[in-house]
Amino acid sequence: MAVLELTNISKHFGAIQAVNDVSLSIEPGQVVGLMGDNGAGKSTLVKMIAGNFRPSHGNMQLDGRELVLHKPAEARQHGIEIVHQDLALCNNLTAAANVYLGRELRRGVGPFRILDYAAMYKRAGQLFAELKSETRPRDLVKQMSGGQRQAVAIARTMLSQAKIVLMDEPTAAISVRQVAEVLNLIRHLRDQGIAVVLISHRMPDVFDVADRVIVMRRGRKVADKTIASSSPEEVTGLITGAIEQVA
Amino acid sequence: MAVTLDQTIAQKQHTFMSRLLGSQTFWVVIAVILACLFLSFATDAFATQKNLYNITRNITFVAIVALGMTFVIITGGIDLSVGSVLCLCSMVLAVTMHAGYGIEVGILATILTALVIGAFNGILIAYLGFPPFVVTLGMLSIARSLAMVASNNTVVFQFGPDHDKLLALGGGAWVFGIANPVLYMILLALITGFTLRWTKFGRHIFAIGGNEHAATLTGVPVKQIKVAVYMISALSAGIAGIIETGWLGAVTTNIGTGMELQVIAATVIGGANLAGGVGTAFGAIVGAALIEVIRNSLGLLGINAFWQGTFIGGAILLAVLFDRIRNFRRSD
(Lines of atoms letter the chains of each structure in order from A and count residues from 1; the text may use other names and numbers.)
(Lines give C-alpha, C1' and ligand atoms only; values in the text may rest on other atoms or scores of the structure.)
Protein backbone atom coordinates (compact mmCIF):
# COMPACT_ATOMS: atom_id res chain seq x y z
CA MET A 1 0.00 0.00 0.00
CA ALA A 2 1.19 3.50 -0.74
CA VAL A 3 2.58 5.43 2.19
CA LEU A 4 1.82 8.76 0.55
CA GLU A 5 -0.84 9.36 -2.03
CA LEU A 6 -1.59 12.68 -3.70
CA THR A 7 -4.78 13.03 -5.71
CA ASN A 8 -5.35 15.90 -8.15
CA ILE A 9 -3.27 18.34 -6.13
CA SER A 10 -3.17 21.92 -7.37
CA LYS A 11 -1.73 25.07 -5.90
CA HIS A 12 -2.07 28.55 -7.23
CA PHE A 13 -0.73 31.82 -5.93
CA GLY A 14 -3.11 34.43 -7.26
CA ALA A 15 -3.12 33.97 -11.03
CA ILE A 16 0.01 31.83 -11.05
CA GLN A 17 -0.66 28.11 -11.26
CA ALA A 18 2.40 26.63 -9.53
CA VAL A 19 1.18 23.04 -9.35
CA ASN A 20 -1.57 21.81 -11.64
CA ASP A 21 -3.56 18.64 -11.03
CA VAL A 22 -0.76 16.36 -9.90
CA SER A 23 -1.46 12.83 -8.65
CA LEU A 24 1.19 10.45 -7.46
CA SER A 25 1.74 7.70 -4.95
CA ILE A 26 4.86 6.56 -3.15
CA GLU A 27 5.48 3.11 -1.68
CA PRO A 28 7.44 2.43 1.52
CA GLY A 29 11.12 1.80 0.90
CA GLN A 30 10.98 3.48 -2.45
CA VAL A 31 13.32 6.22 -3.63
CA VAL A 32 11.59 8.62 -5.99
CA GLY A 33 13.57 11.17 -7.94
CA LEU A 34 11.58 14.37 -8.45
CA MET A 35 13.03 16.30 -11.35
CA GLY A 36 12.21 19.41 -13.28
CA ASP A 37 13.62 22.74 -14.28
CA ASN A 38 13.55 25.78 -12.03
CA GLY A 39 9.95 26.91 -11.61
CA ALA A 40 8.51 23.55 -12.64
CA GLY A 41 6.68 23.25 -9.33
CA LYS A 42 8.92 20.74 -7.49
CA SER A 43 9.48 22.93 -4.48
CA THR A 44 5.85 23.97 -4.22
CA LEU A 45 4.78 20.33 -4.36
CA VAL A 46 7.26 19.38 -1.66
CA LYS A 47 6.29 22.33 0.49
CA MET A 48 2.69 21.15 0.46
CA ILE A 49 3.77 17.71 1.67
CA ALA A 50 5.98 19.38 4.30
CA GLY A 51 3.13 21.53 5.62
CA ASN A 52 4.51 24.89 4.47
CA PHE A 53 1.65 25.46 2.00
CA ARG A 54 -1.86 24.11 1.87
CA PRO A 55 -3.05 22.76 -1.48
CA SER A 56 -5.68 24.85 -3.29
CA HIS A 57 -7.35 21.69 -4.58
CA GLY A 58 -7.02 17.97 -4.23
CA ASN A 59 -6.17 15.82 -1.28
CA MET A 60 -3.27 14.05 0.32
CA GLN A 61 -3.36 10.71 2.11
CA LEU A 62 -0.78 9.27 4.46
CA ASP A 63 -1.12 5.54 5.11
CA GLY A 64 -4.62 5.66 3.67
CA ARG A 65 -5.76 8.47 5.94
CA GLU A 66 -6.52 12.00 4.87
CA LEU A 67 -3.64 14.35 5.64
CA VAL A 68 -4.28 18.02 6.39
CA LEU A 69 -1.30 20.06 7.51
CA HIS A 70 -1.36 23.55 8.92
CA LYS A 71 2.31 23.97 9.76
CA PRO A 72 5.60 22.11 9.33
CA ALA A 73 5.61 20.80 12.90
CA GLU A 74 2.46 18.80 12.14
CA ALA A 75 4.12 17.13 9.17
CA ARG A 76 6.90 15.99 11.48
CA GLN A 77 4.39 14.58 13.94
CA HIS A 78 2.95 12.50 11.11
CA GLY A 79 6.37 11.07 10.29
CA ILE A 80 7.21 13.34 7.37
CA GLU A 81 10.78 14.61 7.71
CA ILE A 82 12.54 17.14 5.54
CA VAL A 83 16.21 17.66 4.78
CA HIS A 84 16.33 21.28 3.71
CA GLN A 85 18.55 22.42 0.91
CA ASP A 86 20.62 24.57 3.26
CA LEU A 87 20.44 21.71 5.82
CA ALA A 88 19.18 24.06 8.56
CA LEU A 89 22.19 23.52 10.82
CA CYS A 90 23.55 25.78 13.55
CA ASN A 91 27.31 26.06 13.16
CA ASN A 92 27.85 27.05 16.77
CA LEU A 93 26.30 23.86 18.14
CA THR A 94 27.59 20.31 18.29
CA ALA A 95 26.46 17.59 15.92
CA ALA A 96 24.32 16.01 18.64
CA ALA A 97 22.73 19.36 19.53
CA ASN A 98 21.82 19.87 15.89
CA VAL A 99 20.33 16.40 15.55
CA TYR A 100 18.11 17.07 18.56
CA LEU A 101 17.36 20.71 17.81
CA GLY A 102 13.75 21.47 18.67
CA ARG A 103 13.17 18.10 20.37
CA GLU A 104 15.90 17.96 22.99
CA LEU A 105 15.94 15.10 25.45
CA ARG A 106 15.58 16.07 29.09
CA ARG A 107 15.67 14.30 32.38
CA GLY A 108 14.36 15.18 35.82
CA VAL A 109 10.96 15.46 37.42
CA GLY A 110 8.06 17.77 36.68
CA PRO A 111 9.15 21.28 35.81
CA PHE A 112 12.72 20.62 37.02
CA ARG A 113 14.12 19.10 33.90
CA ILE A 114 17.59 19.54 32.51
CA LEU A 115 19.08 18.63 29.16
CA ASP A 116 20.18 15.02 29.01
CA TYR A 117 23.55 15.48 27.31
CA ALA A 118 24.68 11.90 27.84
CA ALA A 119 21.61 10.37 26.22
CA MET A 120 21.72 12.77 23.27
CA TYR A 121 25.42 12.13 22.62
CA LYS A 122 24.87 8.41 22.83
CA ARG A 123 21.89 8.24 20.49
CA ALA A 124 23.44 10.68 18.01
CA GLY A 125 26.59 8.56 18.01
CA GLN A 126 24.52 5.46 17.26
CA LEU A 127 22.79 7.20 14.38
CA PHE A 128 26.09 8.33 12.86
CA ALA A 129 27.48 4.82 13.23
CA GLU A 130 24.37 3.46 11.55
CA LEU A 131 24.88 5.92 8.72
CA LYS A 132 28.55 4.85 8.56
CA SER A 133 29.57 8.47 8.83
CA GLU A 134 32.77 9.72 10.42
CA THR A 135 30.85 12.25 12.45
CA ARG A 136 31.49 12.69 16.15
CA PRO A 137 28.50 13.82 18.23
CA ARG A 138 30.55 16.30 20.27
CA ASP A 139 32.17 18.10 17.35
CA LEU A 140 30.94 21.51 16.31
CA VAL A 141 29.15 21.51 12.97
CA LYS A 142 31.28 24.52 11.99
CA GLN A 143 34.30 22.25 11.57
CA MET A 144 32.59 19.63 9.43
CA SER A 145 32.84 18.67 5.78
CA GLY A 146 29.84 18.85 3.47
CA GLY A 147 29.24 15.11 3.72
CA GLN A 148 29.33 15.16 7.50
CA ARG A 149 26.90 18.05 7.56
CA GLN A 150 24.56 16.04 5.36
CA ALA A 151 24.89 13.14 7.78
CA VAL A 152 23.86 15.40 10.66
CA ALA A 153 20.82 16.64 8.74
CA ILE A 154 19.87 13.09 7.75
CA ALA A 155 20.42 11.70 11.26
CA ARG A 156 17.80 14.23 12.37
CA THR A 157 15.20 12.49 10.19
CA MET A 158 15.97 9.15 11.85
CA LEU A 159 15.23 10.30 15.40
CA SER A 160 11.61 9.41 15.24
CA GLN A 161 9.98 6.73 13.16
CA ALA A 162 9.88 8.64 9.89
CA LYS A 163 7.69 7.25 7.14
CA ILE A 164 8.84 9.53 4.42
CA VAL A 165 11.89 11.75 4.02
CA LEU A 166 11.91 14.65 1.59
CA MET A 167 15.39 15.73 0.48
CA ASP A 168 15.79 19.04 -1.27
CA GLU A 169 18.88 19.08 -3.52
CA PRO A 170 21.07 17.14 -1.08
CA THR A 171 23.92 16.81 -3.57
CA ALA A 172 23.89 20.31 -4.99
CA ALA A 173 26.99 21.83 -3.43
CA ILE A 174 29.29 19.07 -2.26
CA SER A 175 32.33 17.22 -3.58
CA VAL A 176 32.21 14.08 -5.71
CA ARG A 177 33.29 11.83 -2.85
CA GLN A 178 30.68 13.37 -0.57
CA VAL A 179 27.97 12.83 -3.18
CA ALA A 180 28.72 9.12 -3.00
CA GLU A 181 28.40 9.33 0.79
CA VAL A 182 25.04 11.04 0.58
CA LEU A 183 23.72 8.51 -1.92
CA ASN A 184 24.73 5.79 0.51
CA LEU A 185 22.82 7.57 3.26
CA ILE A 186 19.76 7.59 1.02
CA ARG A 187 20.10 3.84 0.37
CA HIS A 188 20.37 3.34 4.08
CA LEU A 189 17.06 5.11 4.67
CA ARG A 190 15.46 3.06 1.91
CA ASP A 191 16.69 -0.20 3.43
CA GLN A 192 14.86 0.69 6.60
CA GLY A 193 11.60 0.89 4.69
CA ILE A 194 11.50 4.68 4.61
CA ALA A 195 10.21 6.31 1.45
CA VAL A 196 12.58 8.96 0.11
CA VAL A 197 11.70 11.78 -2.26
CA LEU A 198 14.88 13.10 -3.81
CA ILE A 199 14.58 16.48 -5.43
CA SER A 200 17.57 16.95 -7.66
CA HIS A 201 18.95 18.56 -10.76
CA ARG A 202 21.69 15.99 -11.04
CA MET A 203 20.75 13.27 -13.50
CA PRO A 204 23.49 10.79 -12.46
CA ASP A 205 22.42 10.87 -8.81
CA VAL A 206 18.79 10.17 -9.60
CA PHE A 207 19.66 7.34 -11.97
CA ASP A 208 22.10 5.94 -9.44
CA VAL A 209 19.86 5.75 -6.42
CA ALA A 210 16.19 6.18 -7.37
CA ASP A 211 13.68 3.48 -8.21
CA ARG A 212 11.34 5.82 -9.99
CA VAL A 213 11.56 9.21 -11.57
CA ILE A 214 8.85 11.82 -11.69
CA VAL A 215 9.34 14.74 -14.03
CA MET A 216 7.49 18.02 -13.68
CA ARG A 217 7.20 20.80 -16.18
CA ARG A 218 5.23 24.02 -15.76
CA GLY A 219 3.31 22.72 -12.77
CA ARG A 220 2.25 19.44 -14.39
CA LYS A 221 3.50 15.93 -13.96
CA VAL A 222 4.76 14.91 -17.39
CA ALA A 223 6.32 11.55 -16.56
CA ASP A 224 6.24 8.97 -13.80
CA LYS A 225 8.14 5.81 -14.62
CA THR A 226 10.62 3.33 -13.26
CA ILE A 227 14.28 4.12 -13.68
CA ALA A 228 14.76 0.87 -15.59
CA SER A 229 12.28 1.93 -18.26
CA SER A 230 13.64 5.41 -18.71
CA SER A 231 16.94 6.98 -19.70
CA PRO A 232 18.75 10.21 -18.88
CA GLU A 233 18.17 11.36 -22.46
CA GLU A 234 14.44 10.87 -22.15
CA VAL A 235 14.29 12.66 -18.81
CA THR A 236 16.29 15.57 -20.19
CA GLY A 237 13.85 15.79 -23.07
CA LEU A 238 10.93 15.77 -20.67
CA ILE A 239 12.44 18.45 -18.46
CA THR A 240 13.13 20.81 -21.36
CA GLY A 241 9.88 20.05 -23.15
CA ALA A 242 11.51 18.44 -26.20
CA ILE A 243 9.40 15.41 -25.31
CA GLU A 244 5.87 16.49 -24.53
CA GLN A 245 4.63 13.77 -22.20
CA VAL A 246 4.96 10.02 -21.62
CA ALA A 247 2.49 7.67 -20.08
CA MET B 1 45.51 4.00 6.75
CA ALA B 2 44.74 1.30 9.28
CA VAL B 3 42.57 3.63 11.28
CA THR B 4 39.05 2.30 11.62
CA LEU B 5 35.95 4.37 11.74
CA ASP B 6 35.38 3.59 15.39
CA GLN B 7 38.85 4.77 16.29
CA THR B 8 38.32 8.03 14.49
CA ILE B 9 35.02 8.57 16.21
CA ALA B 10 36.40 7.65 19.61
CA GLN B 11 39.36 9.99 19.25
CA LYS B 12 38.91 13.13 21.27
CA GLN B 13 39.43 16.25 19.32
CA HIS B 14 39.75 18.74 22.14
CA THR B 15 41.70 18.13 25.29
CA PHE B 16 40.79 20.16 28.33
CA MET B 17 43.97 22.26 27.98
CA SER B 18 43.45 23.13 24.33
CA ARG B 19 39.90 24.19 25.01
CA LEU B 20 41.02 26.32 27.94
CA LEU B 21 43.81 28.00 25.99
CA GLY B 22 41.45 28.67 23.11
CA SER B 23 38.93 30.47 25.29
CA GLN B 24 38.86 34.24 25.35
CA THR B 25 37.38 34.23 28.84
CA PHE B 26 40.42 32.35 30.14
CA TRP B 27 42.82 35.02 28.86
CA VAL B 28 40.70 37.80 30.32
CA VAL B 29 40.81 36.02 33.70
CA ILE B 30 44.61 35.88 33.38
CA ALA B 31 44.66 39.58 32.55
CA VAL B 32 42.54 40.40 35.62
CA ILE B 33 44.75 38.30 37.89
CA LEU B 34 47.96 39.81 36.51
CA ALA B 35 46.56 43.31 36.88
CA CYS B 36 45.59 42.60 40.48
CA LEU B 37 49.02 41.15 41.30
CA PHE B 38 50.77 44.08 39.70
CA LEU B 39 48.60 46.60 41.56
CA SER B 40 49.12 44.81 44.88
CA PHE B 41 52.85 45.36 44.57
CA ALA B 42 52.82 48.70 42.81
CA THR B 43 50.43 50.47 45.19
CA ASP B 44 49.72 50.27 48.88
CA ALA B 45 46.05 51.08 48.50
CA PHE B 46 44.96 48.26 46.17
CA ALA B 47 45.10 45.16 48.33
CA THR B 48 43.32 46.71 51.28
CA GLN B 49 40.06 45.32 52.54
CA LYS B 50 38.26 48.56 51.86
CA ASN B 51 39.43 48.85 48.27
CA LEU B 52 38.65 45.21 47.46
CA TYR B 53 35.21 45.65 49.01
CA ASN B 54 34.64 48.66 46.78
CA ILE B 55 35.90 46.96 43.64
CA THR B 56 33.80 43.84 44.08
CA ARG B 57 30.72 45.92 44.77
CA ASN B 58 31.33 48.25 41.85
CA ILE B 59 31.65 45.30 39.50
CA THR B 60 28.19 44.08 40.38
CA PHE B 61 25.97 46.70 38.79
CA VAL B 62 27.55 46.36 35.36
CA ALA B 63 27.91 42.61 35.83
CA ILE B 64 24.26 41.96 36.70
CA VAL B 65 23.05 43.89 33.68
CA ALA B 66 25.72 42.16 31.57
CA LEU B 67 24.26 38.79 32.58
CA GLY B 68 20.91 39.82 31.11
CA MET B 69 22.64 41.32 28.07
CA THR B 70 24.41 37.99 27.50
CA PHE B 71 21.07 36.34 26.68
CA VAL B 72 20.26 39.04 24.14
CA ILE B 73 23.71 39.02 22.56
CA ILE B 74 23.74 35.23 22.21
CA THR B 75 20.56 35.46 20.12
CA GLY B 76 22.38 37.95 17.92
CA GLY B 77 20.46 40.96 19.22
CA ILE B 78 21.47 43.98 21.25
CA ASP B 79 19.78 46.01 23.99
CA LEU B 80 20.86 49.64 24.12
CA SER B 81 18.11 50.63 26.55
CA VAL B 82 19.48 48.98 29.71
CA GLY B 83 21.02 52.14 31.23
CA SER B 84 17.79 54.08 30.84
CA VAL B 85 15.68 51.14 31.98
CA LEU B 86 17.84 50.91 35.09
CA CYS B 87 17.18 54.60 35.71
CA LEU B 88 13.43 54.28 35.16
CA CYS B 89 13.25 51.23 37.42
CA SER B 90 15.22 52.95 40.17
CA MET B 91 12.90 55.91 39.87
CA VAL B 92 9.74 53.78 39.97
CA LEU B 93 11.06 52.16 43.14
CA ALA B 94 12.01 55.50 44.68
CA VAL B 95 8.76 57.24 43.81
CA THR B 96 6.58 54.34 44.95
CA MET B 97 8.36 54.05 48.28
CA HIS B 98 8.53 57.81 48.72
CA ALA B 99 4.77 57.86 48.33
CA GLY B 100 4.51 55.70 51.45
CA TYR B 101 4.27 52.20 50.05
CA GLY B 102 6.34 49.39 51.54
CA ILE B 103 9.45 47.91 50.01
CA GLU B 104 7.56 44.85 48.71
CA VAL B 105 5.17 46.99 46.70
CA GLY B 106 8.07 49.11 45.46
CA ILE B 107 10.04 46.09 44.27
CA LEU B 108 6.98 44.53 42.67
CA ALA B 109 6.20 47.74 40.78
CA THR B 110 9.83 47.94 39.64
CA ILE B 111 9.96 44.37 38.39
CA LEU B 112 6.66 44.83 36.56
CA THR B 113 7.94 48.01 34.91
CA ALA B 114 11.05 46.18 33.74
CA LEU B 115 9.09 43.24 32.36
CA VAL B 116 6.64 45.47 30.50
CA ILE B 117 9.47 47.42 28.89
CA GLY B 118 11.29 44.22 27.96
CA ALA B 119 8.13 42.73 26.48
CA PHE B 120 7.53 45.93 24.49
CA ASN B 121 11.07 45.80 23.04
CA GLY B 122 10.81 42.09 22.37
CA ILE B 123 7.44 42.19 20.64
CA LEU B 124 8.50 44.97 18.29
CA ILE B 125 11.67 43.03 17.46
CA ALA B 126 10.30 39.50 17.21
CA TYR B 127 6.80 39.99 15.82
CA LEU B 128 7.06 43.22 13.86
CA GLY B 129 10.60 42.65 12.62
CA PHE B 130 12.07 45.95 13.85
CA PRO B 131 15.88 45.93 14.09
CA PRO B 132 16.92 45.50 17.76
CA PHE B 133 19.34 48.41 17.50
CA VAL B 134 16.58 50.84 16.53
CA VAL B 135 13.93 49.60 18.98
CA THR B 136 16.23 49.70 21.98
CA LEU B 137 17.72 53.03 20.90
CA GLY B 138 14.19 54.41 20.96
CA MET B 139 13.62 52.85 24.37
CA LEU B 140 16.88 54.37 25.62
CA SER B 141 15.33 57.76 25.01
CA ILE B 142 11.80 56.89 26.15
CA ALA B 143 12.73 55.21 29.45
CA ARG B 144 14.93 58.07 30.64
CA SER B 145 12.32 60.59 29.72
CA LEU B 146 9.68 58.60 31.63
CA ALA B 147 12.00 58.57 34.64
CA MET B 148 12.14 62.37 34.47
CA VAL B 149 8.37 62.56 34.17
CA ALA B 150 7.88 60.21 37.14
CA SER B 151 10.16 62.22 39.42
CA ASN B 152 9.69 65.64 37.88
CA ASN B 153 13.48 65.47 37.44
CA THR B 154 14.20 65.77 41.16
CA VAL B 155 16.51 63.76 43.37
CA VAL B 156 14.67 61.25 45.54
CA PHE B 157 16.46 60.32 48.76
CA GLN B 158 13.62 59.54 51.16
CA PHE B 159 12.05 56.18 50.71
CA GLY B 160 9.13 56.26 53.11
CA PRO B 161 8.53 53.80 55.96
CA ASP B 162 10.85 51.10 54.60
CA HIS B 163 13.74 53.49 53.98
CA ASP B 164 16.18 51.56 56.18
CA LYS B 165 15.23 48.19 54.76
CA LEU B 166 16.02 49.37 51.23
CA LEU B 167 19.38 50.80 52.29
CA ALA B 168 20.26 47.58 54.09
CA LEU B 169 19.27 45.56 51.04
CA GLY B 170 21.71 47.36 48.78
CA GLY B 171 24.33 48.69 51.19
CA GLY B 172 24.61 45.92 53.75
CA ALA B 173 26.97 43.00 53.98
CA TRP B 174 25.01 40.17 55.53
CA VAL B 175 27.37 37.24 54.90
CA PHE B 176 31.11 37.19 55.80
CA GLY B 177 31.47 40.90 55.18
CA ILE B 178 30.84 40.44 51.47
CA ALA B 179 28.82 43.35 50.09
CA ASN B 180 25.21 42.31 49.42
CA PRO B 181 25.28 43.29 45.73
CA VAL B 182 28.12 40.82 45.24
CA LEU B 183 25.98 38.03 46.68
CA TYR B 184 23.12 38.92 44.35
CA MET B 185 25.52 38.95 41.42
CA ILE B 186 26.89 35.50 42.27
CA LEU B 187 23.38 34.11 42.65
CA LEU B 188 22.22 35.59 39.36
CA ALA B 189 25.37 34.41 37.59
CA LEU B 190 24.73 30.86 38.77
CA ILE B 191 21.14 31.02 37.55
CA THR B 192 22.26 32.43 34.19
CA GLY B 193 24.99 29.83 33.76
CA PHE B 194 22.59 27.03 34.62
CA THR B 195 19.92 28.30 32.25
CA LEU B 196 22.32 28.63 29.34
CA ARG B 197 23.91 25.23 29.75
CA TRP B 198 21.21 22.95 31.12
CA THR B 199 17.83 24.10 29.85
CA LYS B 200 16.04 23.72 26.56
CA PHE B 201 15.48 27.48 26.63
CA GLY B 202 19.23 28.06 26.85
CA ARG B 203 19.94 25.64 24.02
CA HIS B 204 17.38 27.38 21.83
CA ILE B 205 18.92 30.78 22.54
CA PHE B 206 22.23 29.53 21.14
CA ALA B 207 20.45 27.97 18.17
CA ILE B 208 18.77 31.28 17.31
CA GLY B 209 22.10 33.08 17.45
CA GLY B 210 23.75 30.41 15.33
CA ASN B 211 21.15 30.17 12.58
CA GLU B 212 17.77 31.73 13.17
CA HIS B 213 16.32 30.26 9.98
CA ALA B 214 17.38 26.75 10.99
CA ALA B 215 15.91 27.24 14.44
CA THR B 216 12.58 28.22 12.89
CA LEU B 217 12.60 25.25 10.51
CA THR B 218 13.31 22.78 13.30
CA GLY B 219 10.38 24.01 15.35
CA VAL B 220 12.14 26.22 17.91
CA PRO B 221 9.65 28.90 19.12
CA VAL B 222 11.93 31.68 17.91
CA LYS B 223 9.58 34.62 18.41
CA GLN B 224 8.57 33.76 21.96
CA ILE B 225 12.18 33.21 22.93
CA LYS B 226 13.23 36.53 21.47
CA VAL B 227 10.59 38.34 23.52
CA ALA B 228 11.78 36.44 26.58
CA VAL B 229 15.43 37.46 26.18
CA TYR B 230 14.57 41.16 25.97
CA MET B 231 12.41 40.74 29.07
CA ILE B 232 15.32 39.08 30.85
CA SER B 233 17.62 41.91 29.82
CA ALA B 234 15.22 44.57 31.10
CA LEU B 235 14.63 42.55 34.26
CA SER B 236 18.35 42.40 34.97
CA ALA B 237 18.50 46.18 34.55
CA GLY B 238 15.58 46.49 36.96
CA ILE B 239 17.24 44.28 39.56
CA ALA B 240 20.49 46.24 39.24
CA GLY B 241 18.41 49.40 39.62
CA ILE B 242 16.88 48.21 42.89
CA ILE B 243 20.26 47.25 44.32
CA GLU B 244 21.96 50.41 43.16
CA THR B 245 19.20 52.53 44.68
CA GLY B 246 19.65 50.77 48.00
CA TRP B 247 23.37 51.25 47.88
CA LEU B 248 23.39 54.91 46.79
CA GLY B 249 20.51 55.92 49.05
CA ALA B 250 19.37 58.40 46.41
CA VAL B 251 18.15 58.37 42.82
CA THR B 252 18.74 61.01 40.20
CA THR B 253 17.60 60.94 36.61
CA ASN B 254 21.14 60.58 35.31
CA ILE B 255 21.85 57.28 37.04
CA GLY B 256 22.91 54.64 34.50
CA THR B 257 23.76 57.16 31.79
CA GLY B 258 26.09 55.51 29.26
CA MET B 259 25.89 52.26 31.17
CA GLU B 260 24.76 50.30 28.09
CA LEU B 261 28.20 50.77 26.58
CA GLN B 262 30.00 49.47 29.67
CA VAL B 263 27.63 46.51 29.81
CA ILE B 264 28.12 45.62 26.16
CA ALA B 265 31.87 46.09 26.59
CA ALA B 266 31.88 43.71 29.58
CA THR B 267 29.94 41.10 27.63
CA VAL B 268 32.18 41.33 24.59
CA ILE B 269 35.42 41.36 26.61
CA GLY B 270 34.14 38.25 28.36
CA GLY B 271 33.93 36.41 25.06
CA ALA B 272 30.40 36.96 23.75
CA ASN B 273 30.15 37.53 20.03
CA LEU B 274 27.96 40.40 18.80
CA ALA B 275 27.14 38.32 15.72
CA GLY B 276 25.38 35.88 18.05
CA GLY B 277 25.72 32.26 19.08
CA VAL B 278 28.51 32.66 21.64
CA GLY B 279 28.58 33.87 25.26
CA THR B 280 28.76 32.76 28.88
CA ALA B 281 27.65 34.02 32.28
CA PHE B 282 31.16 33.73 33.66
CA GLY B 283 32.48 35.76 30.73
CA ALA B 284 30.09 38.61 31.51
CA ILE B 285 31.30 38.76 35.12
CA VAL B 286 34.96 38.57 34.16
CA GLY B 287 34.49 41.27 31.54
CA ALA B 288 32.87 43.54 34.11
CA ALA B 289 35.72 42.76 36.52
CA LEU B 290 38.38 43.71 34.00
CA ILE B 291 36.70 47.03 33.30
CA GLU B 292 36.42 47.83 37.00
CA VAL B 293 40.02 46.83 37.74
CA ILE B 294 41.21 49.10 34.94
CA ARG B 295 39.12 51.96 36.32
CA ASN B 296 40.30 51.39 39.86
CA SER B 297 43.95 51.02 38.95
CA LEU B 298 44.05 54.25 36.98
CA GLY B 299 42.87 56.07 40.07
CA LEU B 300 45.34 54.35 42.36
CA LEU B 301 48.26 54.85 39.98
CA GLY B 302 47.48 58.55 39.84
CA ILE B 303 46.70 58.55 36.12
CA ASN B 304 44.30 61.26 34.99
CA ALA B 305 40.73 59.88 34.96
CA PHE B 306 40.26 61.20 31.45
CA TRP B 307 42.36 58.27 30.23
CA GLN B 308 39.78 55.76 31.46
CA GLY B 309 37.85 55.56 28.20
CA THR B 310 41.03 54.94 26.23
CA PHE B 311 42.05 52.03 28.39
CA ILE B 312 38.61 50.42 28.43
CA GLY B 313 38.27 50.90 24.68
CA GLY B 314 41.73 49.38 24.27
CA ALA B 315 40.67 46.36 26.31
CA ILE B 316 37.64 45.82 24.08
CA LEU B 317 39.73 45.96 20.93
CA LEU B 318 42.39 43.71 22.43
CA ALA B 319 39.83 41.10 23.46
CA VAL B 320 38.29 41.02 20.02
CA LEU B 321 41.75 40.98 18.44
CA PHE B 322 42.55 37.72 20.25
CA ASP B 323 39.32 36.30 18.91
CA ARG B 324 40.24 37.30 15.35
CA ILE B 325 43.72 35.78 15.65
CA ARG B 326 42.22 32.49 16.79
CA ASN B 327 39.82 32.50 13.86
CA PHE B 328 42.60 33.23 11.37
CA ARG B 329 44.53 30.24 12.64
CA ARG B 330 41.47 28.02 12.41
CA SER B 331 40.67 28.99 8.84
CA ASP B 332 44.23 28.16 7.67
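Cβ atoms here come from the backbone N, Cα and C positions, even for glycine.
Just so you know, TrEMBL annotations are computer predictions that nobody has curated.
Residues or ranges marked as transmembrane segment in TrEMBL: B:26-47 (among others). Sequence-distant neighbours of the transmembrane segment (B:26-47) (same chain, 6+ residues past either end, Cβ-Cβ under 8 Å): 20, 269-271, 283, 286-287, 289-290, 293-294, 296-297, 300-301, 319, 322.
The transmembrane segment annotation in TrEMBL covers B:59-76 (among others).
The transmembrane segment annotation in TrEMBL covers B:82-100 (among others). Here the transmembrane segment (B:82-100) has Cβ contacts under 8 Å with residues 65, 68-69, 106-107, 109-110, 113-114, 117-118, 139-144, 146-147, 150-151, 156, 158-163, 166, 233-234, 236-238, 240-242, 244-245, 251, 253-260, 263 of the same chain, all six or more residues outside its ends.
Positions annotated as transmembrane segment by TrEMBL: B:107-127 (among others).
Note on the transmembrane segment (B:133-154): residues 78-81, 83-85, 87-88, 90-92, 94-95, 117, 120-121, 124-125, 230, 251, 253, 257, 260 of its chain, located 6 or more positions outside it, place their CB under 8 angstroms from a CB of the stretch. The feature transmembrane segment is assigned by TrEMBL to B:133-154 (among others).
Counting residues 6+ beyond its ends, the transmembrane segment (B:166-191) has Cβ neighbours under 8 Å at 53, 56-57, 59-61, 63-64, 67, 93, 97, 103, 106, 159, 236, 239, 242-249, 281-282, 284-285 in the same chain. Annotated transmembrane segment per TrEMBL: B:166-191 (among others), in sequence order.
Residues or ranges marked as transmembrane segment in TrEMBL: B:227-251 (among others).
If you look at the transmembrane segment (B:263-291), the same-chain residues 6 or more away from its ends with a CB under 8 A from one of its CBs are 23-25, 28-29, 31-32, 35, 59-60, 62-63, 65-67, 69-70, 73-78, 82-83, 185, 189-190, 192-193, 196, 206, 208-210, 312, 315-316, 319-320, 323. Under the heading transmembrane segment, TrEMBL lists B:263-291 (among others).
Marked as transmembrane segment by TrEMBL: B:297-322 (among others).
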Recorded stretch that, among B:59-76, B:107-127, B:297-322, has the most CB pairs under 8 Å to the transmembrane segment (B:227-251): B:107-127
